[in-house]
């Protein structure tokens, strides 16, 4: 049982490092390419089980070192307010404004309310371990997504003489939007292969 759990956490750990890297944060390739044997020797105890607290990490944006994100693995099956308070305490102590909590089961409605209540001060996101077993952006049917900067979005709207409301939409709850941590008003460029022109780009705005 512990072996299955360790293999699962190895996959989750790899995906969350890929996710953070794809958002522009510093992550070593060693973390992403770590094989299961190395992961087990790093994080599993003599009984073979992994202490999820050891998987916590924080990192800086490659472009703006002051922009930090903290990844918090909870071992609580059903995450409640107490765990959210613990996460907020760590963020406050480290002066980090962005956090992702990963949990093995689910999150209570009251814990989700904490995320909403703190949204002006902290940008908190939540994923279950099941969400991260596979990196959805690596799926052959998922086209390449790139998040536009504020300036790139402005140029796009000016070039095509568009208003924001005229762009097709991508929902906040869309798995790809969640992977990239999109927020309302952000635009993604989606590049797909095309039989005639090699590839073509389309744009969507998050709402």
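Each residue's number is its place along the chain shown, starting with 1.
Cβ coordinates come from backbone N, Cα and C, glycine included.
For reference, TrEMBL has these:
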DOMAIN    3-88  domain 'RNA polymerase Rpb5 N-terminal'
DOMAIN    134-206  domain 'RNA polymerase subunit H/Rpb5 C-terminal'
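Residues in the domain 'RNA polymerase Rpb5 N-terminal' (3-88) partition by DSSP class (helix H, G, I; strand E, B; coil) as 45 helix, 16 strand, 25 coil. Counted with DSSP, the domain 'RNA polymerase subunit H/Rpb5 C-terminal' (134-206) comes out as 22 helix, 23 strand, 28 coil.
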